Every structure is written in structure tokens, then in C-alpha cells.
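Trainee: Please see the structure below; I have some questions.
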Amino acid sequence: MAGCIPEEKTYRRFLELFLGEFRGPCGGGEPEPEPESEPEPEPEAELVAAEAAEASGEDPGEDAATVEAAEEGVQDQDPEPEEEAVEEEAAAEGEEEEEEEEAAAPGHSAVPPPQPQLPPLPPLPRPLSERITREEVEGESLDLCLQQLYKYNCPSFLAAALARATSDEVLQSDLSAHCIPKETDGTEGTVEIETVKLARSVFSKLHEICCNWVKDFPLRRRPQIYYETSIHAIKNMRRKMEDKHVCIPDFNMLFNLEDQEEQAYFAVFDGHGGVDAAIYASVHLHVNLVRQEMFPHDPAEALCRAFRVTDERFVQKAARESLRCGTTGVVTFIRGNMLHVAWVGDSQVMLVRKGQAVELMKPHKPDREDEKQRIEALGGCVVWFGAWRVNGSLSVSRAIGDAEHKPYICGDADSASTVLDGTEDYLILACDGFYDTVNPDEAVKVVSDHLKENNGDSSMVAHKLVASARDAGSSDNITVIVVFLRDMNKAVNVSEESDWTENSFQGGQEDGGDDKENHGECKRPWPQHQCSAPADLGYEGRVDSFTDRTSLSPGPQINVLEDPDYLDLTQIETSKPHSTQFLPPVEMIGPGAPKKAYVNELIMEESSVTPSQPERSGAGELLVSFNLGSTGQQICRMENLSPVYSGLENEQFKSPGKRASRLYHLRHHYSKRQRGFRFNPKFYSFFSAQESSRKIGISLSSLTRSGKRNKMLRSSLPWRENSWEGYSGNMAIRKRNNISCPDLPWDYKI
């Protein structure tokens with residue numbers, strides 16, 4: 001076809017393949033039976049005789065006379081010869097049939113062999129609701145078409161065009177045959193439409209349109225801009241998946257809008273108490289958006305009204321069908337160079353411009369002061385029950401649905417608009433399962449690292465973000481949509497203003513424990529409730545985790561082992577630093593430990609060794625202070641010392657006996673929480689060493705390792721039994737003789 005778009009061949013090819021798999025609602029899963037072939041009529045006797053005469057070279061006239069004479073002779077004969085002739089004829093026919101069967105060879109048979117039955121076709125999408133109103137027919141028709149087409153990887157432009165054409169055909173047809181009249185108290189109630197019958201009509205129209213377009217593909221203008229998107233959603237630890245998302249890059253084509261700039265629509269809905277509200281919003285909100293009068297000139301206000309209309313209609317549906325669920329939602333609508341955002345609840349969207357996170361919205365949560373005042377003014381309350389909740393129930397202050405919580409949980413959306421000047425990188429739309437554990441700067445870091453590692457390939461960015469939220473401890477459903485606003489194949493550069501550095505998550509801290517480098521600083525304001533992940537949730541097998549430094553601890557099991565390389569504290573010269581020998585990386589296990597940790601330098605100076613209290617019981621004590629400066633594994637061993645005791649603050653010391661005198665298990669505290677396993681150590685100082693009676697010196701070297709359930713400490717010292725009084729005396733002086741280690745997540749006393 002002259003003047004056709006370059007993709008027309010691709011579209012035609014898809015339609016051909018699609019029709020091979022999709023035969024409409026009446027096709028079911030079985031092929032249509034083929035019509036049986038009618039038997040050929042037997043040739044008349046005269047024609048057979050004429051053909052035989054031609055073959056023998058005789059005159060047809062003579063043959064005809066012969067035939068007539070034969071017939072007269074037959075009539076004059078007795079009946080007995082007639083019966084014999086019939087028997088002979090039957091025998092001849094039997095011989096002919098046998099000859100035909102013998103002549104019929106494989107491949108030459110007149111009757112084709114039975115064809116094998118084709119495999120059943122995939123089932124058609126089933127409507128998620130049994131009944132709908134007339135106002136919901138358009139959204140339901142579009143959704144059924146798009147589901148079926150996207151199942152076969154239909155191009156979005158073609159899918160939008162087919163869905164629009166099918167929906168128009170359905171809306172123009174007579175829907176009265178699908179209606180279910182409903183009467184209440186003798187008065188006419190709401191007229192509803194049976195969705196199963198509607199679905200049959202939709203798929204029948206879709207099949208018909210596809211057949212027509214294969215023969216004569218209509219000219220369609222192609223969109224000017226396509227936004228590359230990366231989408232991923234997981235159920236995670238929840239029993240059901242209650243998130244829904246919508247991605248409509250061809251908004252104008254889907255609604256046949258010819259007088260508007262290029263438009264795109266993206267949304268995430270996070271349901272609670274059931275999935276019905278999220279499904280309803282994902283199917284009907286964009287349809288309600290287009291129907292608003294102010295949509296052509298004020299999309300932001302149209303979005304707010306669309307939320308309100310969707311909420312009202314779902315509340316009515318919930319009353320008819322006894323539904324008790326709701327959903328939060330965030331919608332981004334792009335028209336030309338304008339970005340419009342509307343939301344209810346705690347689902348969020350963030351914009352990244354020049355490598356920096358830009359705040360676009362503030363989620364609706366009960367702890368917001370304005371939301372709290374609104375709820376209390378209506379007679380409700382906001383209480384703490386694991387989280388701030390409205391009337392002790394829901395942890396969001398606005399949502400679609402939740403009819404039993406109205407008016408405290410309202411469906412009024414907030415909106416915001418911003419101009420896109422071309423410096424924007426991408427948008428991240430996600431539910432609270434993502435933003436509760438990953439803050440904006442961390443998300444930017446994840447995307448930037450992924451693009452650098454994959455040469456700008458953005459197809460798996462959403463998977464990476466979902467994995468980061470899951471590893472950070474999120475147990476909720478997680479849905480992430482990343483909409484790229486520019487070509488990400490170009491070099492990805494983080495702006496100079498950013499606090500992120502390549503080695504932000506390696507090495508120890510040099511700022512006295514302040515972890516600014518690990519988290520970065522957002523240059524623009526952001527809601528404080530989402531600024532960091534829980535500190536007690538660790539990443540399995542990741543050194544560059546985004547949680548607080550405390551989650552990078554070696555894990556719940558620590559072993560102090562022997563090592564021949566140690567520092568002699570008495571041999572340190574003035575102002576000459578010494579360090580231990582570097583060890584190879586040691587494999588570690590535990591929910592809060594990286595897979596590998598490295599031994600960092602252990603630097604000590606002469607000034608760090610000072611005499612302490614006077615000798616007690618013949619043993620001198622040294623107070624040794626130094627900075628290990630590492631969160632990895634350290635080595636510390638004590639040799640030639642007097643007996644040293646280990647224990648925990650506020651814990652009673654228990655000796656394991658002679659045979660286990662070298663192995664002391666330390667008791668720890670554990671607690672269960674909803675998002676996983678949490679370990680709370682209850683001790684705060686590191687080492688307390690006593691001077692040896694043989695005056696050889698004090699040598700320190702300790703190695704910590706992580707296990708899964710317990711922590712243990714072992715030393716090569718000649719431990720010996722001691723009385724309770726001796727133990728009490730040593731425990732009394734323990735607090736005054738210690739080596740402080742502010743950078744380690746746990747400190748031990750020996």
C-alpha cells in the first residue's frame with residue numbers, strides 16, 4: 001500500500017499469527033469440524049456404454065442397437081435367469097470394490113486420513129466482575145482487548161488501535177441483550193450488564209476487526225514520542241498479590257484523540273483488604289479522566305475529579321456486592337512537556353533530574369499534621385498501633401473504596417504539575433512496599449549503578465529496584481514502574497552536586513560514626529518517614545548495602561580464633577605506627593553479614609598504651625585504647641596473661657567446666673518481628689586485658705567470624721577454675737580496664 005507506515009508489514013504479520021491462535025469466543029479450544037465430502041453420482045449406463053464403445057473402436061449407433069436388442073431379450077427371458085444376472089452383477093461389483101481397495105495405495109487414496117486434533121488454545125481473559133453498569137462498559141471492553149492482545153506481545157500502538165476500534169463497535173451495538181433487570185421494592189433498580197455475555201461480544205468483534213485489518217490495514221498516524229519503560233511486580237511475602245499497574249504509552253490512540261499533544265498515562269494501585277478496588281481503579285480511572293469536561297485544558301484538575309468519580313462508583317459497587325476493600329493510587333500523566341501527578345494514599349512517584357531526586361508529592365499518611373487535623377475534625381482519631389492508623393485500623397488517610405471508613409478515609413486526590421525542560425532522566429512509580437524501605441537517593445544509586453554495569457541497558461532496572469527493596473526487608477507486595485524521559489544509552493553521569501561517590505559503601509568511617517556518606521543528602525526536601533531503611537535489617541551477601549552501618553555487622557555468631565601474627569604492645573616505638581598482617585578474605589554466614597569481609601589495618605601508637613590502676617592480686621592492668629577502623633574481621637589474641645574472664649553486662653557468668661574451659665558461649669537476646677529476624681546485642685565494651693605476671697608483654701590479635709545462631713569467643717589462654725569471689729573481683733575491675741572500639745557494631749569484655 002502506497003504511503004503506509006514502515007511498521008505496517010510487522011503489524012500485518014502479527015495479525016496473521018494472532019488469528020492463527022485466536023479464533024474468537026466461539027472457536028473454543030477445538031478446531032471446527034470439516035464438511036464431509038458428498039459421494040459422486042454414479043454415471044448412467046448409456047454413458048458407460050459409450051465410453052466402452054469408444055475404447056473398442058465400435059460405432060456408438062451399433063452399440064446402442066445392440067443394447068436395445070439385449071434389453072428386449074432380457075424381457076422375454078424367464079425370471080430365474082434374471083435372478084442369476086442380478087447375482088452375477090452383485091459379484092462383479094464386489095470384485096470391482098476389491099480391485100479398488102487393492103489399487104488404493106498410501107498417498108493415492110481418495111479419502112484423506114483423519115487429521116490429528118490440534119492442541120487447545122489458551123483460554124480467553126475472564127471478566128473479573130460478574131456484573132457492571134453501562135458507564136463501565138467502555139473500560140471493561142478496553143481492558144479485555146488489551147489483556148488478550150498483550151498476552152501475545154502485541155505492539156502497544158497496534159493494541160491501542162484494535163482496542164479502540166473494538167470498544168467503539170461494542171458501544172454502538174445493542175447491549176439490551178446483555179442486561180440484567182433488577183427490581184427493588186417494586187421500583188426499578190440499577191440496570192446491570194452480565195460481563196460474560198459482554199466478553200463474548202467483545203472477543204467476537206475483536207476477531208472480526210483483525211480479519212478485516214489483515215486484508216485492508218487502515219492508515220494510522222504513528223506517535224511522535226515513545227517512553228521506554230521498565231516494569232516489575234512481585235507478591236513477595238504476602239499471601240495474595242493486591243497491586244495493579246497501568247501503562248498506556250499510546251493514550252491518544254486508545255481514546256482516538258487527534259487534536260491533543262502526545263500523551264501517556266502510567267499508574268500504580270496498591271490494594272488492601274482485597275484486590276477488587278485496585279482492579280476497578282486500574283480499569284476505569286483513565287476512562288473517567290477522558291470524560292471530564294476540563295480534561296482538554298486542565299489535566300491536573302481532571303485527574304482529581306477522575307479519582308473522585310472512581311471512588312464514588314466503586315463505593316456503590318461495593319454496596320451492591322458487599323465488598324470491603326480499598327486501594328491507594330498514584331497516576332502520572334504526560335502531555336507534551338508537562339508532567340501532571342495525582343495521588344491518594346502512600347503510593348508515590350519521584351522524578352530524577354540530573355542524577356538528583358526531586359520531590360513531586362507528599363503521601364497521605366495519618367501522621368501528617370494536616371491529615372490528622374482533618375480526621376479529628378470529622379470525629380475520628382489517629383492512634384499508634386504498630387504504625388499511625390486512622391481509628392486504629394488503616395495506616396493511610398486517603399484511598400479509593402473503604403466505604404466503612406468514610407468520611408475519615410476519603411477519596412479526594414491531591415495533584416501537582418511540573419514542566420519538563422529536557423534535563424529529566426526518569427520517573428519511578430511504586431507502592432509503599434518499595435518506598436518504605438528504599439529512600440529516593442538509594443533508588444537513584446541503584447539505577448545509576450545498573451546502567452553503568454549494563455552499558456545503558458534499562459530493561460532490568462525495575463527488577464533491580466524491586467530486589468533492593470526486598471533485600472532491605474520489605475515483605476509487602478512490590479510494584480515498580482520506571483519511565484525513562486530521555487535516551488539512557490548515552491553516558492550516565494551523576495551530577496557534581498551529588499554526595500554519592502564510587503566507594504561510598506566501602507571501608508570504615510572517618511567521621512566519628514556519622515554515616516552521611518553512606519546515605520547521602522537529598523538536595524531537596526523529602527518526607528522524613530521514608531528517609532532510611534530499618535537499621536536492623538541486613539542484606540544477604542551484599543557489601544554495598546543501603547541500610548544503616550549497623551546492618552553491616554558480621555552476623556549473629558562471632559568466633560575469636562588464634563593467629564600467630566600479633567602486635568606486641570610493649571615494643572612500639574615513639575610515633576611509629578604498626579599494623580597487623582593482612583589476611584585473605586574469610587567467608588561469612590548470617591542474615592546480617594556480607595559474604596566476604598576483609599581485614600583492615602590495626603594501627604596503634606605508643607601513646608595509646610598507658611598504665612592503669614595499681615596491681616591487684618599480683619596482676620597489673622593496662623588500659624589499651626585504639627581505633628580498629630573497620631567493620632570487617634579483626635584479629636586479636638592474648639598470650640602469657642593472667643586469667644581473663646569474659647561476660648556480658650547485666651548477665652550472670654556461667655563456667656562450662658574444665659573440658660570446655662577454652663570455649664565460652666556468650667548469651668544473646670533475640671526478638672521476633674514481622675519483617676524478619678532481628679538481633680539485639682546487649683554489650684558495649686571490647687577488651688579488658690591484664691598484664692602478665694611473667695612481664696613478657698601483652699599481644700593482641702582477634703578474629704571475628706559469623707555464624708547463624710550463636711556467638712562464641714575462644715582464646716589460647718590457660719584458663720583455670722576460680723572461685724566465685726575471684727570471679728566477682730575480676731568482674732568488678734573489668735569495666736575500668738577495656739579497649740574501646742567505637743566503630744565495631746559489637747564490643748566485647750574479657
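From the backbone N, Cα and C atoms, a Cβ is placed for every residue, glycine too.
Small disclaimer: the values here were computed from a predicted structure and weren't measured.
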Trainee: Which of Asp270, Asp276, Asp298 does Swiss-Prot put in the same Mn(2+) 2 site as Asp432, Asp476?
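Mentor: My reading of Swiss-Prot gives Asp270 as the candidate in that site.
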Trainee: Looking at Swiss-Prot, which of Ser545, Ser551, Ser608, Ser740 is flagged as phosphoserine?
Mentor: Ser545
Trainee: Within the chain of Gly271 (Mn(2+) 1 binding site), which residues six or more apart in sequence place their C-beta under 8 angstroms from its C-beta?
Mentor: Glu242, Asp243, Lys244, Ala277, Ala278, Ile279, Cys325, Gly326, Thr327
Trainee: Validating a neighbour-count step here. Other CB atoms within 10 A of the CB of Asp270 (Mn(2+) 2 binding site): how many?
Mentor: 29
Trainee: Around the Cβ of Asp432 (Mn(2+) 2 binding site), how many other Cβ atoms lie within 10 Å? Please give the count over every shown protein chain.
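Mentor: The answer is 22 other Cβ atoms.
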